[in-house]
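First comes the structure, then the notes that go with it.
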Amino acid sequence: MTDAPQGQRHDRNALILYGSETGNSQEAAEELGRIAERLHFVTRVSEMDHVEINILLKYSVVIFVISTTGQGEFPNNARKFWKSLLRKRLPPGCLDHVSFTTFGLGDSSYPQYNWSARKLHKRLEQLGAKEIYPRGEGDEQHTEGIDGTFLPWSVDLGKHLLAAHPLPEGVTPIPSDVPLPHKLILEVLKDFDPSDSKRRRTPKCSKMDLQKQKKVVAPASTKGKLTFQGESRAPMIYEPLVEPEPPTTCEQVKEDLPGVEEHYDNTFPPEDPLPIPDPTEVMLVCNRRLTPHTHWQDVRELTFIMSAEFSYDPGETVTIYPKNFPKDVQALINLMDWNDVADQPLHFKAKEPDLYLDKYLISGAPGLYALEGTSLRELLTHNLDITSIPKRSFFGLIAQHTTDPTHRDRLIEFSNHSYTDEYYDYTTRPRRSILEVLQDFPSVKIPWQFVCTFFPVIRGRAYSIASGGNGAKYIENPDYIQFQIIVALVKYRTVLKKVRQGLCSRYLASMPEETPLHVKFKKTEKFYKLAEESPEFPLILIAPGTGLAPARSLIWEREQLFTDGKLDVGKSYLFYGGRNKEADFLYSDEWEDYDTLQVEVYTAFSRDQKEKIYVQDIIRREGELIERLIREKNAIIYVCGSSGKMPKAVREALIDACAQHNPNGRSRKRITTVFEKFEKEGRYIQETW
């Protein structure tokens, strides 16, 4: 047995593959990678789509970590790998020599809970792979979230790996207080031409091209803003809205950030578009508040335009990559004493030559889309999340870089699983950020070369598109189309009486018009398939709160079919819920134009009367209508909005309605089976987050 350059062993290697939409599976995979490294496995952590099936045979152990998205679907970065596993020409025993296990991340409020992990596990066994450890499943609905299951599962997996792959005499696991090798190392870039880099950063969708287009957007509400030519079903013409006042910059994450120059206050992040793969270039043209300014909840409608060569369907999401604010970035630079290097061009240095010339053991940096010749300041602004709640592993890392023994002991406590309550009391419950932790422990000094080891990558946030049909037309210029998203800004006070705001909420709330962005669009396979193929089927849309976004997109798509003269178009039945009609009824004016939109609206406002009323109560009240639409008209059911209790309560109410009112006397058990069939057929779609 020979040693690899970093103390790992050549004859024991581990491959940890993940499929992730939001980054949770990646974080879990990276934690498993650290566990394997401490057991002296040469370890690679990678997206599933970055490997071929035959590569699995090269490893002593393969661990899969995968989330379930959409309607029981695989994440985008795992679909290519999954399809390769389904090839019919693969012989049954082709993975005989693969030892594996899987961990699934899911949400039990979805009917398709952890489907991806279960399907993957089963298919691997069909191809001959050997399960070395029982499959684990994490549930977002657990009182401690995914960690409630993942932490004990990962600890026990480490014990099993050590027992199954014992170390030779004299070799022991790497202790938790000994730092592991850094994966990404920064160094100053010599002979860099900044003018060349700036040219690469210039977006094609430039301000000069779009500035004159920004004044007109399609109306958020139809009342008083629709005119018709000729007959009532003639094409719609949108009258311009008055341009809203530009949004004001929101509060900083921490009220008093020490040592920050005045010119950084209230400055919006730089506009440099991120070099994400295959981006769509868009520009913000309208950022307006939908709820009254007196209401506690700030819900925004953001309208973007893009080239008309693109198109989108209902159910698609757009991923926006937020940025840190200059004030917070400067506070961290001052705290860490990085001012001397903050604005120098950098590049990533190779950790080691290829380990024993095996390219399959070299990992990249998924999700880290740095500007060419990035500076440390730019990396902290565009790529690294310094305002998220720190993971437990973060405390163990920074404990190695403090000169204060008291600080070190406290940080190690937070990193220890035995002190879970203390960790949650300090971080999760008060929503304390990474930046605030470093301010609380000023003795910690992180070497700038290793920042990518300490700070997580900023993840893109996905938002359901709220526009469609005629609402996608940008009438001032046919070279462009528009799309809208609805964002409920996350802003609240913690138990520490501090104002907290989500990174993306703060970014979007403060975004000025004309801001160019690189975004990613994602189509959900099943969401619009049946509705597009069978436009005569009515739609039952259960969409409380911002769940209205994908429902509104469907309504406007149907409106275009109707106004284009396709008369056999099913009506939409919208079941909308909120707290107060005067404050929470989004697009209330829009729904009054029944003849055009072909929509009936049923509302439930929980705080407008003594007894609380929710959408599930309205579903039971209108049970006879719902049962008839499903049985006689083949209605397609959409449940959109927050995950958790709502989707389960709505499903139960729908089953109750059908069981109570069906004329054939079908039992509730039989109706439940029918709904399971609807899910497989795409007649019951749940889009929750």
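Here the Cβ of each residue, glycine as well, is placed from N, Cα and C on the backbone.
Under the three-state DSSP scheme, Ser67 (FMN binding site) falls in the strand class. According to TrEMBL, the FMN binding site annotation covers Ser20, Glu21, Thr22, Gly23, Asn24, Ser25, Ser67, Thr68, Thr69, Gly70, Glu140.
The FAD binding site annotation in TrEMBL covers Arg431, Arg461, Ala462, Tyr463, Ser464, Gly502, Leu503, Cys504, Ser505, Trp689. Less than 8 angstroms from the CB of Ser464 (FAD binding site) sit Gly315, Glu316, Thr317, Ile485, Ile486, Ala549, Pro550, Ser553, Cys640, Glu687, each of them six or more residues away in the same chain.
Here TrEMBL flags Thr546, Ser606, Arg607, Lys612, Ile613, Tyr614, Val615, Gln616 as NADP(+) binding site. In sequence order, Met646, Ala649, Val650, Glu652, Ala653 are the residues of the chain that are 6 or more apart from Gln616 (NADP(+) binding site) and have a CB within less than 8 Å of its CB. Secondary structure at Gln616 (NADP(+) binding site), as computed by DSSP, is helix.
Here TrEMBL flags 14-158 as domain 'Flavodoxin-like'. Regional average pLDDT for the domain 'Flavodoxin-like' (14-158) in the model is 91.
The annotation domain 'FAD-binding FR-type' is assigned in TrEMBL to 277-530.
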Helix, strand and coil totals (DSSP H, G, I; E, B; other) for the domain 'Flavodoxin-like' (14-158): 58 helix, 36 strand, 51 coil
Top Cα neighbour of Thr69 (FMN binding site) in the set of binding-site residues Leu503, Ser505, Thr546: Thr546
Cβ contacts of Asn24 (FMN binding site) (under 8 Å, same chain, 6 or more positions away): Ser67, Leu105, Ile146
Entry from the binding-site residues list Ala462, Leu503 having the most other CB atoms no farther than 10 A: Leu503
Proximal residue to Leu503 (FAD binding site) among binding-site residues Thr22, Glu140, Ser606, Lys612, Ile613 (C-alpha distance): Thr22
Cα-Cα distance linking Ser505 (FAD binding site) and Arg607 (NADP(+) binding site), given in Å to the nearest integer: 25
Residue pair Lys612 (NADP(+) binding site), Glu140 (FMN binding site) - Cα distance, angstrom, rounded: 26
